[in-house]
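Single-structure report; data block below.
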Amino acid sequence: MAAAAFDTTENFAIEMDARDPMSRFRGRFHIPPAPDGSASVYLVGHSLGLQPKTVRAYLEQELKDWETLGVEGHFRGKHPWMPYHRLLTEQTARLVCAQPSEVVVMNSLTVNLHLMMVSFYRPTRERHNILIEGSAFPSDQYAVQSQIKFHGFDPASSLLELCPRVGEATMRDEDILELIEREGQSIALILLGGVNYATGQAFDMAEITKAGHAQGCVVAFDCAHAAGNLELKLHEWDVDWAAWCSYKYLNGGPGCIGGCFVHERYARDFELPRFAGWWGHDQETRFKMGPEFHPMAGAEGWQLSNPSILTMAALRASMEIFDEAGIGKLRQRSIALTGYLEFLLDQQKSARFEIITPREPERRGAQLSIRVAAGNRSVCDRLVEEGALCDWREPDILRVAPVPLYCSYRDCYRFVQRFVANLN
């Protein structure tokens, strides 16, 4: 919806929620209560998604099978544990628009980044640089720096960082592509976030991949803030690999299992160096316990150990909702909700805050990052105390995300009312 279609009254927000058929999915989640007992305004799904109401039953089923079957739950449970991760394969493939053989749920995000870099960061004397965002999430920075050091190089000379122009908060697409063209022959790996965690900027993954491949670079994305937020097309965009967590927009719960995408062109490249574990071994001979590792084809060949059933059960509850809603429809609702929140903030015409997230819908997801004058974190603290949940990133950024699965237009309205009151 264009901003001209919005208005600033609460009745408008209530009417929009009533007319929107996608609003029904809100009822599938537990909304934490505010201090006064009403439903909180939960705009922090970019940090931790809400709990689907079916999670408890899904967890209890696995606990019951463990209680009554013991080890036989691997084979005789309602959902046998041996192939349990494959209950999520088709859903994950649909979510990121990939072939089922290209995706797997395993480990956690930073672990998966390391496993992928073992295979796909192969530095040479001439081509040893890794390109990341200067404002990448710290864990990504730590992982990349440690990989560079592990290979005998120095981050001071082998780490390239993308930074905005002076006086700007986000990066211009043309600057990213120009840097890749200029430095590409020295870059071994491009590893960017699909969406920057601090600014909410979404990157043009298709064009970045095309530009990187033209220079001979491996191109990968940390999709922690993109999976379940944007409509991804990882296979079509020809991305080499990607990794993500599932506790943000995917609502898998705190510390939930992560996910990986490896393009099908690597499915049977068994000569690629990789760290190996028994769960990545050919399943037909896994229990023969032989000494030699024979990886499964596709992304499953990068698995190490059997994954946690309880975290996968929680994630399955959410992924079933994603399947029902459809990521395309959710993305359209997200564009409208975030646009409405942006409209309400703009109507304040205040010098006390500034939206630094790109204005173009195609250059952002659900998140808006608001720079608060003088780095006044107390504004965020008071909002949380009142039941308007958001979060703060130093030195001066308040992050809010009207997640389309469970946030409402009225949530956006109530947040802006409280935000302005606290600013004043």
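For all residues, glycine too, the Cβ spot is worked out from N, Cα and C.
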Pyridoxal 5'-phosphate binding, same site as L109, T110, F137, P138, S139, D140, D222, H225, Y247, W278 - Swiss-Prot member from N11, N306: N306
Pairwise Cα distance for S139 (pyridoxal 5'-phosphate binding site)/K248 (N6-(pyridoxal phosphate)lysine) [Å, integer]: 16
Candidates S139, D222: member of the binding-site residues with the richest Cβ shell (10 Å): D222
Assigned conformation of D222 (pyridoxal 5'-phosphate binding site) - DSSP reduced to three states: strand
Mapped DSSP class for L109 (pyridoxal 5'-phosphate binding site), helix or strand or coil: helix
Rounded distance in angstrom between the Cα atoms of N306 (pyridoxal 5'-phosphate binding site) and K248 (N6-(pyridoxal phosphate)lysine): 23
Chain-internal residues near F137 (pyridoxal 5'-phosphate binding site), provided their CB is under 8 angstroms and they sit 6+ positions away: G193, Y197, D222, A224
